[in-house]
Amino acid sequence: MAGNREFLNRRLHSLLGVIPVGVFLIQHLVVNHFATRGEEAFNSASHFMESLPFRYFLEIFIIFLPLLYHAIYGLYIAFTAKNNTSRFGFFRNWMFLVQRVTGVITLIFIVWHVWETRIAAMFGAEVNYDMMADILSSPFMLAFYIVGVLSAIFHFANGLWSFMVSWGITVSPRSQLISTYVTLVIFIALSIVGIRAIFAFV
Amino acid sequence: MSEAAVKSKTVLFQITRQDGPDSDSYVEEFELDYRPNMNVISALMEIRRNPVNTKGEHTTPITWDMNCLEEVCGACSMVINGKPRQSCTALIDQLEQPIRLAPMKTFPVVRDLQVDRSRMFDSLKKVKAWIPIDGTYDLGPGPRMPEKKRQWAYELSKCMTCGVCLEACPNVNSKSDFIGPAPLSQVRLFNSHPTGEMNKADRLEEIMGDGGLANCGNSQNCVQSCPKGIPLTTSIAALNRDTTLQSFKNFFGSDRV
C-alpha cells in the first residue's frame with residue numbers, strides 16, 4: 001500500500017471534495033436560503049443545525065477534517081501545475097486553471113468566514129441573522145462574500161466533473177460532454193440559491 | 001501569384017537556440033528566399049547550407065532532430081509558433097510569419113532545437129509497454145482479438161512517442177514527476193490486447209505508483225494537441241476506471257486476474 005500513497009492521496013482528495021465537503025456545501029446553501037423567508041425562519045433553521053445531536057463529532061468529521069485535507073493537498077496540487085492557457089487556450093485547459101484559482105479564493109474565503117462566524121461563536125458571539133446582516137452591510141464584505149460563494153460553487157461543480165473522470169465514471173468523450181452540461185446546470189442552480197441567500201441579508 | 005512576386009518573397013525565422021545542455025538560450029533571426037512547398041525542415045536545411053543570420057553574421061548551423069520526414073517517427077517535434085508539432089509536416093505556406101521555432105523545453109535541451117526524449121522511452125519500459133510471448137516451448141497461437149476492439153486499439157498504436165502531449169500538459173513540468181499521457185495510453189493499448197491482458201494488473205500497479213495516472217489534472221490539452229488524434233483522455237479515463245477496480249481488488253483481495 002505504501003507504494004501507491006500518491007494514488008490514494010489523489011483519489012481521497014477527489015472523493016472528499018464531493019463527499020462530504022460538496023454535500024455539506026449544498027446543505028449550507030440550502031439552510032442559508034431560509035433567510036429569503038425572513039429573519040425568524042433563518043434563525044430557527046440555524047438554531048436547528050446548531051442544536052443537532054453529536055454536533056462536535058459532526059463538525060469535526062464531516063466538515064473540518066475533510067475540508068482541511070482537501071484544502072492542504074489541493075494547494076499542493078494547484079502549485080505543482082504550470083498553467084499554459086496562453087499557449088493552449090482550450091476550454092478544458094481554462095477550466096483546469098479556473099479550478100485552481102477558485103480553489104485558492106475559496107480557501108481564503110472559508111478561512112475568513114469560519115473565523116468570523118464559527119470561531120467567533122466559540123468566543124461567545126451569537127451566530128444569527130443579525131450577525132450576517134451586520135457583516136454584509138459593508139459593501140466590501142458583500143462583494144467578498146459574493147466572490148467567495150460563487151468560487152466555492154464553481155469549484156464544487158467543476159470538481160464534480162473531474163471527480164467523475166478521475167474515478168472512471170465518465171469515460172467516453174460524449175459522457176464527459178454531457179457531464180459538462182450537467183455540472184454547468186448545477187453551478188447555475190446553486191449560484192441562484194447562494195446569491196439569493198446573500199441578498200436576503202442586505 | 002506572379003513569378004516576380006514569388007521571387008522577391010522571403011520567409012523570416014526567429015529561432016530559439018542554445019549551444020549546449022547547460023547554456024543560456026538566445027533568439028537568432030534568419031531570412032530565406034521563398035520557394036514553393038517549403039516545410040520547416042527544408043528551411044532548416046537551407047539555413048544549414050548557408051548559416052548567416054539577418055545581421056549578416058556567419059553563425060553555426062542549427063541542430064535539430066529528424067528521421068522519417070512523414071510524421072510517423074516523432075523525432076522532429078519542436079514548438080512552432082507556440083504549438084508543439086512535427087516540423088516535417090509544418091508547411092511554410094500555412095504558417096504565420098515570422099515563424100518562431102523553439103525546442104520542447106519540457107525535455108532536456110541537447111542543443112538548439114534538439115531535445116532528449118529518453119524519459120518517454122524509460123516510461124514505456126516502466127509500464128511494460130510490450131506483450132510477453134517468449135517461453136521455453138511453443139506457446140501456440142494466442143486468443144483472438146475482436147475486430148471492433150482491434151479498430152480502436154489500432155488508433156492507440158499510432159503513438160510515435162513524439163512528446164507533444166507532454167509538452168502540452170500543465171502537470172508535466174519540473175515541479176512534478178507525472179509520467180504524462182503517452183505512456184498511459186500505451187498501458188491501455190497493451191491491456192486491451194488478449195495476450196497482453198494477462199499482465200494487466202502489473203501495468204496498472206505501475207501507473208498507480210508515484211508520478212502515475214492520478215497526477216492527471218484533466219486539462220485535456222493532450223487530446224487536443226496529439227498530431228495522431230489519439231483519444232488520450234479516453235484512455236486516461238478508462239484507466240481511471242481500471243485502477244479504481246484494481247485498488248478495490250488489492251484492498252479486499254480477489255482471485256480475478
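Glycine is no exception: its Cβ is also placed from the backbone N, Cα and C atoms.
Noted in TrEMBL for the protein shown:
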- A:His28, A:His70, A:His113, A:His155: heme binding site (BINDING)
- A:12-36: transmembrane segment (TRANSMEM)
- A:56-79: transmembrane segment (TRANSMEM)
- A:91-115: transmembrane segment (TRANSMEM)
- A:135-157: transmembrane segment (TRANSMEM)
- A:178-199: transmembrane segment (TRANSMEM)
Long-range Cβ list for A:His113 (heme binding site), cut-off under 8 Å, min separation 6+ in sequence, same chain only, gives A:Tyr145, A:Gly148
The most crowded of the binding-site residues A:His28, A:His70, A:His155, judged by neighbouring Cβ atoms within 10 Å of its own Cβ, is A:His155
Problem - Contact yes or no, the transmembrane segment (A:12-36) and the transmembrane segment (A:91-115), 3+ Cβ pairs under 8 Å, gap 6+ - result: no
Near heme: residues not in A:His28, A:His70, A:His113, A:His155 with Cβ within 8 Å of the site Cβ centroid are A:Val21, A:Phe24, A:Leu25, A:Leu67, A:Thr106, A:Phe109, A:Ile110, A:Ala152, A:Phe156
Per the Cβ under 8 Å criterion, with at least 6 residues separating them from its ends, the transmembrane segment (A:56-79) contacts 9-10, 12-13, 16-17, 20-21, 24, 100, 103-104, 107, 110
